[in-house]
Each structure stands twice: as structure tokens, then as C-alpha cells.
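Worksheet: one structure, shown below.
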Amino acid sequence: MKKTAIAIAVALAGFATVAQAAPKDNTWYAGAKLGWSQYHDTGFIHNDGPTHENQLGAGAFGGYQVNPYVGFEMGYDWLGRMPYKGDNINGAYKAQGVQLTAKLGYPITDDLDVYTRLGGMVWRADTKSNVPGGPSTKDHDTGVSPVFAGGIEYAITPEIATRLEYQWTNNIGDANTIGTRPDNGLLSVGVSYRFGQQEAAPVVAPAPAPAPEVQTKHFTLKSDVLFNFNKSTLKPEGQQALDQLYSQLSNLDPKDGSVVVLGFTDRIGSDAYNQGLSEKRAQSVVDYLISKGIPSDKISARGMGESNPVTGNTCDNVKPRAALIDCLAPDRRVEIEVKGVKDVVTQPQA
């Protein structure tokens with residue numbers, strides 16, 4: 001029977017495949033076990049009756065998992081009370097101990113490990129005997145014995161695991177002191193709780209801020225409304241038109257906004273003259289809007305001369321000067337560009 005028990009332990013420790021069901025690295029666990037305890041090689045001195053070697057065994061244990069393959073375990077075992085009865089003597093033997101072992105495991109699947117435990121047990125063995133019709137005697141002994149165990153462990157959840165284990169303890173007692181020196185095999189089922197197995201909640205990166213949206217607003221004012229022909233001084237009607245424009249610009253209130261005033265002329269006159277006139281008209285508009293409240297560092301003037309005419313070739317065949325001036329009126333204009341970053345409102349995440 002002893003050889004069979006050792007063979008079972010070795011076989012259980014010898015299985016191997018590829019996944020991991022051990023607790024997470026550097027975590028603790030605790031559990032309890034219950035099972036069948038069997039004493040072997042009892043050899044009671046002077047016993048002439050039956051010995052009840054099969055008893056109930058139990059224990060509690062705690063451990064520390066270093067990595068998926070190595071852990072250390074400490075536990076208490078109650079190996080059971082073994083009575084014996086005879087014609088000449090009656091009595092009982094009981095043993096218990098504290099063990100410390102290294103636990104070596106190997107994964108079979110994601111949820112199943114095989115393992116072996118190797119270490120020692122500090123035990124205490126007690127006996128009580130009496131001769132029918134005579135006095136009873138008690139004695140005890142303590143010592144250290146090697147412990148070998150093998151088993152399989154199944155993770156029901158990341159925190160809870162169950163195990164099936166066979167444990168062998170050699171030579172528990174001193175025959176000269178308590179009358180026997182048995183070995184013990186304990187086949188048990190255990191349940192353990194593993195601490196610290198919960199995965200940390202993933203950190204959700206905040207949604208990136210939306211890219212700023214740049215918006216541009218265009219306004220076009222007729223130069224004939226703002227200025228007299230061939231002049232750069234604002235007319236009263238022109239000031240009224242700019243007052244209305246300023247109100248619209250104030251309502252826009254663009255973030256980090258800027259205003260560019262572009263002056264245009266018609267093609268009548270030289271290029272140089274028209275360029276200068278367009279710059280003066282644009283600057284007149286800028287100066288007026290600054291006087292109304294637009295910051296001077298947010299507004300600029302640019303003369304465009306006779307470039308970008310909107311009339312195209314519509315007036316090519318118009319010869320009388322007065323008629324040509326009227327025909328080219330759309331080219332004489334002031335354009336205003338307002339650029340700014342539009343605020344993007346994002347909804348809070350639930």
C-alpha cells in the first residue's frame with residue numbers, strides 16, 4: 001500500500017501540458033480540506049485485536065504563490081484517531097501536525113494544474129491504552145517527518161479553487177515510547193480562496209479634444225456707399241454702413257479672431273494709382289472700426305488695387321466715361337474677412 005501511495009503521488013505530479021491555473025504571482029491563498037486518512041505499518045506492541053486504520057482526516061492551509069510554478073504552503077493536519085481493541089489490551093492512537101512545504105505546479109489547461117508538495121511536518125502523536133480490569137496509561141511523542149503530496153487543482157473562479165490531493169507522511173511516533181510508528185496517507189478534497197485575483201479596472205483614456213474648427217466670414221461693402229468716387233474719406237452713409245457691420249462682428253465674437261480689410265478699385269487709372277487708392281480706402285475702414293472698439297492688433301488693411309474684378313468683361317464695350325464708371329461700380333468695393341476658431345461643444349460621457 002505504501003508503494004501504491006507513493007506511485008500515485010508521483011503520477012499526479014508528472015502530468016504536463018500548456019496553460020496556467022495557479023493564482024496570480026505574489027498573492028496569498030487560504031483553504032481547508034477533508035478526506036480519508038489511513039494509517040500504515042502500525043505494528044502495535046502487544047496488540048492482539050483489530051486496529052481501525054481508516055479514519056476521517058481534515059486540515060487547514062495557507063500559502064503564497066511566487067509565480068505560476070512555485071509556491072510555499074503551511075498547514076495544520078488532523079490525521080485521525082485510530083482505536084484498537086484486543087483481548088489483552090485496548091487503546092487508541094491519534095496524530096496531528098503542522099507542515100511546511102514547497103508547492104511545485106504545472107498547468108494543464110487554463111483552469112487546471114497538477115502539483116506536488118515537498119517538505120516536512122512537525123507532529124505530535126498521543127496514545128492511550130488500558131488492560132481490561134487494569135489501569136490505563138497515556139503517552140505522547142513529538143518529532144519531524146518528511147511529507148510528500150501530489151494533486152490536481154481546479155480554478156472554479158479566479159478567487160475560488162478546489163483540489164484533490166494525496167499526502168504521505170512517514171514515521172509518525174516512536175514505537176518504544178507510544179508503542180507504534182505508523183505512516184499516514186491522506187486522500188482529501190480541499191477548497192481555497194485566493195486573495196488579490198481581481199484584475200485592475202482598465203484605464204480608459206479620455207477622448208481626444210476635437211480639432212479646432214477655423215471659420216471665416218466674408219462681408220462685402222460697395223465703395224460707392226463708403227466713399228465718393230476717387231476718394232478715400234468715409235462718407236456719413238459709409239460710417240452708418242460700418243456701424244451695422246461692427247454690430248455683426250461683435251455678435252460673431254470669434255475666439256482668437258482676426259479681421260482683414262481688403263480694398264479694391266476699378267480699372268480706370270494707372271495700376272500704381274489704383275493700388276495706392278485701395279490701400280488708403282482699406283486703411284480708412286480699419287481706422288474707423290478700431291475707433292468703434294476692435295483691437296488694433298486684431299485688424300489689418302490690405303490694398304488689392306484693380307485685381308480680382310467681379311465685372312469680368314461685362315464693361316469692355318462701354319465707351320462713355322460716365323457709363324463706364326457706373327458699369328465698373330461692382331469692382332469698387334471693400335471686402336472684410338473675419339477669421340476665428342469656433343468653439344466646439346462636446347457632450348460629457350455617461
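Please read every residue number as a count from 1 along the shown chain.
Even glycines carry a Cβ here, placed using N, Cα and C.
For 1-21, the entry in Swiss-Prot reads signal peptide.
Under the heading transmembrane segment, Swiss-Prot lists 27-37 (among others), citing sequence analysis as support.
The transmembrane segment feature in Swiss-Prot is assigned to 55-66 (among others); the stated evidence is sequence analysis.
The annotation transmembrane segment is assigned in Swiss-Prot to 70-78 (among others) on the grounds of sequence analysis.
The site 'Part of salt bridge gating mechanism' feature in Swiss-Prot is assigned to E73 (among others); the stated evidence is sequence analysis. Within 10 Å of the C-beta atom of E73 (site 'Part of salt bridge gating mechanism') sit 21 other C-beta atoms, taking all shown protein chains into account.
Taken from Swiss-Prot, the feature transmembrane segment covers 96-107 (among others).
Here Swiss-Prot flags 112-120 (among others) as transmembrane segment.
Taken from Swiss-Prot, the feature transmembrane segment applies to 146-155 (among others).
Taken from Swiss-Prot, the feature transmembrane segment covers 160-167 (among others).
Annotated site 'Part of salt bridge gating mechanism' per Swiss-Prot: R163 (among others), in sequence order, evidence recorded as sequence analysis. All protein chains included, R163 (site 'Part of salt bridge gating mechanism') registers 19 other Cβ atoms within 10 Å of its own Cβ.
Feature annotation from Swiss-Prot assigns transmembrane segment to 186-194 (among others); the stated evidence is sequence analysis.
The region '4 X 2 AA tandem repeats of A-P' feature in Swiss-Prot is assigned to 205-212.
Look at Swiss-Prot and you will find 214-342 tagged as domain 'OmpA-like', backed by sequence analysis. Helix, strand and coil counts under DSSP for the domain 'OmpA-like' (214-342) come to 56 helix, 36 strand, 37 coil.
The disulfide bond annotation in Swiss-Prot covers C315-C327.
Residues near C315 (disulfide bond) in space but far in sequence (CB under 8 A, at least 6 apart, same chain), listed by position: L324, C327, L328. Counting only the Cα atoms, the space from R163 (site 'Part of salt bridge gating mechanism') to E73 (site 'Part of salt bridge gating mechanism') is about 14 angstrom.
A contact links the transmembrane segment (27-37) to the transmembrane segment (186-194), because at least 3 Cβ pairs that are 6 or more residues apart lie under 8 A. Neighbour count (other Cβ atoms within 10 Å of the Cβ, all protein chains): 17 for C327 (disulfide bond). Model confidence over the region '4 X 2 AA tandem repeats of A-P' (205-212) stands at 76, taken as the mean pLDDT rounded to a whole number. Residues of the same chain lying 6 or more positions beyond the ends of the transmembrane segment (160-167) and with a Cβ under 8 Å from any Cβ of it are 5, 8-9, 12, 21, 23, 29, 31, 33, 77, 117, 147-154, 185-194.
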